[in-house]
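Quick look at what TrEMBL lists:
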SIGNAL    1-25  signal peptide
DOMAIN    25-135  domain 'Ig-like'
DOMAIN    141-251  domain 'Ig-like'
DOMAIN    255-339  domain 'Ig-like'
DOMAIN    347-425  domain 'Ig-like'
DOMAIN    432-517  domain 'Ig-like'
Amino acid sequence: MERAMLGRVGICCTLFAVALQVCQASVMVKVTPEVEVIKGETVKLPCSYTTSAPASPIVVQWFIEVAGARKQIAYNSSHGFGVDAGTGMTERLTMGKDLSLTISPVMVEDDRTYFCQVTAGPLGFSDNKTQVKVFFPPEKPVVTGNNQAISVSDAEIFSEVAKCISRNGFPQPRIIWFKDATPLPEVKDQKEKTYMIPSVVKEASGLYTMTSTLFMHPVKADAKSVFHCTVEYSMPNKQIKQESSDEFSLSLLYPTENVFFQLKNQGPVKEGDDVLMKCETDGNPQPEFEFFKEEKELRGLKGMLEVKNVSRKDAGIYKCEAMDFDALDGVVELIKTLNLSVHYLDPVAVTPEGPLFAAKGNTVELQCRTKSSDEFTLKWKKDSKVLSQSGGLTIESVTLAHSGVYLCVGAVPSVPGLQKQASVTLTVTGKPEIDASVNGFVEKEGGMVTLNCSALGHPAPQFTWKPSGKEVCSVTVVGNKVISTITLEASAVVLKDGVICEANNSLGKDMKRFQVSIKSDPDKASDPNAVNRGRHLTQLSLLLLSLSGLFLVYTP
């Protein structure tokens, strides 16, 4: 009896040991838990396995779930690799020798769980799953319906502001509205002042088209706001990206609360200017406007009143009236006024009136006057040189050089460009006065030399040269000066006695002697410094002639 019991115990222990060996034998399957891919690209799903003991045969299968049941899509067995037909993926699947499953190109419907199952004969089977996540960026959102005019007068009515549409994204994106770069809370309660109604359409491609319609009761301040919408979507590696629509503003209609009437000219207005006045309101659209000056109606255009070539009589009170019949009567002041000031400066009057004549040595007194709307200045000028900072100018003991044009300039410093001027011509009478003579030089006796004799005087002087030249003399006028030019032969007499220029008029005469020398004359070069002095004298003469507007010409 006892031996039989021991026998049964021994058999049980043997069976338990075999069962334990079988239980310890196993198959381990390794996959990538999650794989991300963009629609249209290629994705590879790795699968590998290990066993606790050698086993045969080995069968590897890939499955997907359809209606809650697994469906084989690819396999590897002792008979080779295969892809199941009729799965909707057949043409896009390949199974590699490394047991991986490749999908190309990836479609939206490939976003699902894939199972890799390995069966190892008596060791049994095991599986593991890979989640494939497919992504596709949506198109840039487009805003429509934002070009309609919206009235802000009725506080009980909500208006459809705009509709934002973003097409063909995956997974399902979302739309966010922005006002002045600040996101609006995503509100769906239609009792709120601002709310959105979203909708989603799954296209035949499996991609999502998102639409969000923005409703709000706008206020007047919203006319200055800028709106846009943004589509927010997911991409691989947990990236959250955004793309925005073009910005837009609301076209709001609201009545006038304030009227503005202003002068558009920059700086003070002076006689002769074109004046532009603008009348506008803070309402939309702008109403018609009527303009008046001292109850006289003026013609304006679209809120603009222009007065060309204004004069002092155009100064005064101008009135603008906005014809906005939607404004609150008795609450909103629809009339504005503008006081136009026109600055003026009367023409400058000079006394005595010209032309003036004065004998040499006399005293000349000039006076100029004007009137202006502002403080003004008067200056006397001659040849751009200021002679007096007041309206009076006294010239004592006048000389021939005082002859010329005197200018009196009136100006208003506070009004740029407001300036008037008048001139008077003064002629000083007297006998001629010849400028210092400029000697001439020739290369040799018998050469031709040109001399210039310059003189002041009125009446205009007549010139006589002694000896006279072989060529005709010429006379020119430069400023107050009369210049006589002669060309003659440097004869022995000329080289010895020089040439005399005589200028005379009815009041008298003046004369000057011009020396003519040979550049290499030994008599004039006996002094060692004579040559240098002659050269310096020649240079100085040329400079003086240049300054006085004269020219010396040498003719050998």
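Using the three backbone atoms N, Cα and C, a Cβ is placed for every residue, glycine included.
Any TrEMBL annotation is an automated prediction that lacks curation.
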Range from 25-135, 347-425, 432-517 with most C-beta pairs under 8 A to the domain 'Ig-like' (255-339): 347-425
Predicted model, mean pLDDT over the domain 'Ig-like' (141-251): 92
Counts by DSSP class (helix H/G/I, strand E/B, coil) across the domain 'Ig-like' (25-135): 9 helix, 65 strand, 37 coil
Composition by DSSP (helix, strand, coil) of residues within the domain 'Ig-like' (347-425): 3 helix, 43 strand, 33 coil
Tally of DSSP helical, extended and coil residues in the domain 'Ig-like' (255-339): 3 helix, 41 strand, 41 coil
